[in-house]
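What Swiss-Prot lists as ATP binding site is 4-11, 133-140. Annotated Zn(2+) binding site per Swiss-Prot: His157, Cys177, Cys179, Cys184, in sequence order, evidence recorded as similarity to another entry.
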Amino acid sequence: MYYGFDMGGTKIELGVFDENLQRIWHKRVPTPREDYPQLLQILRDLTEEADTYCGVQGSVGIGIPGLPNADDGTVFTANVPSAMGQPLQADLSRLIQREVRIDNDANCFALSEAWDPEFRTYPTVLGLILGTGVGGGLIVNGSIVSGRNHITGEFGHFRLPVDALDILGADIPRVPCGCGHRGCIENYISGRGFEWMYSHFYQHTLPATDIIAHYAAGEPKAVAHVERFMDVLAVCLGNLLTMLGSPFGRGGWGVV
């Protein structure tokens, strides 16, 4: 059995897959954002619950919204502060008594799509995740291209392009990013960016679900906001496709 964890800034989801890669069980729980021991306990509890369900110990892999450090085994997870700088792989492996593999979540997503029978004929596949942050994975000839420091494909940390500034206004604040820089596109085209831009333009805070509900009802501010957001998203993604020349792109969405 294969246990695949999707660890995001908002939720952790475990999917259990059989030898035919069919999902047979899954469970979702909130992500503890500040408490590392609690995070480890949740991962351990989910693993043991899956073991009980399957009657065997499955292989464990975790997709994280960040980067594993190849030098010291720690992880860089700006959107999950509880795991930031922690030796997650070694600690969890010790707790559940088996090997644990960790990679960037967008790399995992892109690789799974690239190996789908429908897409195996494509030499290059670009996978993008829009959720709490923005992640990316680049697959060439069936293999992840991650680079020496695992930063290849971290498209969310590109800066806002000029065309996006034309849409948003040259005076749009360069939002501080968890990576330490300002103006990274993940702070504008992610779920939290979607909410932040609404509050910036209308001086009123609403959750994304309410904004979308207002948009569906034809409320003018919400309609203008969603259209502005989609224009910025199109500019950012268009630049990526131009740079990579990728014949196939796949998106994973969790903005609302």
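Glycine is no exception: its Cβ is also placed from the backbone N, Cα and C atoms.
Structure with Swiss-Prot features highlighted.
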residue	record	DSSP class
Gly4	ATP binding site	strand
Thr10	ATP binding site	coil
Gly135	ATP binding site	strand
His157	Zn(2+) binding site	helix
Cys177	Zn(2+) binding site	coil
Cys184	Zn(2+) binding site	strand
Around the Zn(2+) site formed by His157, Cys177, Cys179, Cys184, which additional residues qualify by having Cβ within 8 Å of the site's Cβ center? Ala78, Gly156, Gly178, Gly180, His181, Glu186, Asn187
Please report the Cα separation of Cys184 (Zn(2+) binding site) and Thr10 (ATP binding site) in Å, rounded to an integer. 20
Counting across all protein chains present, how many other Cβ atoms fall within 10 Å of the Cβ of Ile139 (ATP binding site)? 27
In whole Å, how far is Cys177 (Zn(2+) binding site) from Gly4 (ATP binding site) when you measure between their Cα atoms? 28
Within 10 angstroms of the C-beta of Asp6 (ATP binding site), the count of other C-beta atoms across all shown chains comes to 22
What is the interatomic distance between the Cα atoms of Gly137 (ATP binding site) and His157 (Zn(2+) binding site), given in whole Å? 13
May I ask for the distance between Gly135 (ATP binding site) and His157 (Zn(2+) binding site), taken between their Cα atoms and rounded to an integer number of Å? 9
Hey, how far is Cys177 (Zn(2+) binding site) from Gly133 (ATP binding site), Cα to Cα, in Å? 10
Most Cβ neighbours within 10 Å, among the binding-site residues Cys177, Cys179, Cys184, goes to Cys184
